[in-house]
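According to TrEMBL, the active site annotation covers H60. Taken from TrEMBL, the feature ATP binding site applies to D64, G65, N66, G67, R68, M69, S70, R71. The domain 'Fido' annotation in TrEMBL covers 1-98.
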Amino acid sequence: MGNVLREFNYLELMELYLPVSIYHTIAKIHEYKGKQELYVGNYPVLILMPALIHDFLCIHPFDDGNGRMSRILTLLLLYKFGYFVGRYTGIEMLIEES
């Protein structure tokens, strides 16, 4: 892991994650996607999805909108693996209308 910066302090050792440069972002996302596909059979998908979202957020590929994009990516992954949760998200409007 070459992206970890260790900083020594008198009180504690701090480790900071350094995000990948924007030029390497797409390659890293493909690398993580490949890792996800390799381990889906060994680990529950619902455990791997947050790990992928965490990696995406650590890469921080956009100046603005990374949180929104991570929510869209979460929905996409959930749909891909058969969890259809998007159809239940707008139920508050139906409750207010009744």
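Using the three backbone atoms N, Cα and C, a Cβ is placed for every residue, glycine included.
Under DSSP, D64 (ATP binding site) is assigned to coil, being neither helix nor strand in the three-state scheme. The residues near the ATP site, meaning same-chain residues not in D64, G65, N66, G67, R68, M69, S70, R71 whose C-beta sits within 8 angstroms of the mean position of the site's C-beta atoms, are F62, I72, in sequence order. Across the structure, G67 (ATP binding site) and H60 (active site) place their CA atoms 9 angstrom apart. The Cβ of S70 (ATP binding site) lies under 8 Å from the Cβ of I53, F56, L57, each on the same chain and at least six residues away in sequence. Between the CA atoms of R68 (ATP binding site) and H60 (active site) there is a gap of 12 Å, rounded to the nearest whole number. Distance noted between the C-alpha atoms of R71 (ATP binding site) and the residue listed as 'active site' is 14 Å. Within the set of binding-site residues (D64, R68, M69), the lowest number of other Cβ atoms found within 10 Å of a Cβ is recorded at D64. If you take the Cα of H60 (active site) and the Cα of N66 (ATP binding site), they are about 6 angstrom apart, rounded to a whole number.
Secondary structure at S70 (ATP binding site), as computed by DSSP, is helix.
Over the domain 'Fido' (1-98), the average per-residue pLDDT in this prediction is 72. Its own atom aside, the Cβ of H60 (active site) has 13 Cβ atoms within 10 angstroms in the protein chains shown.
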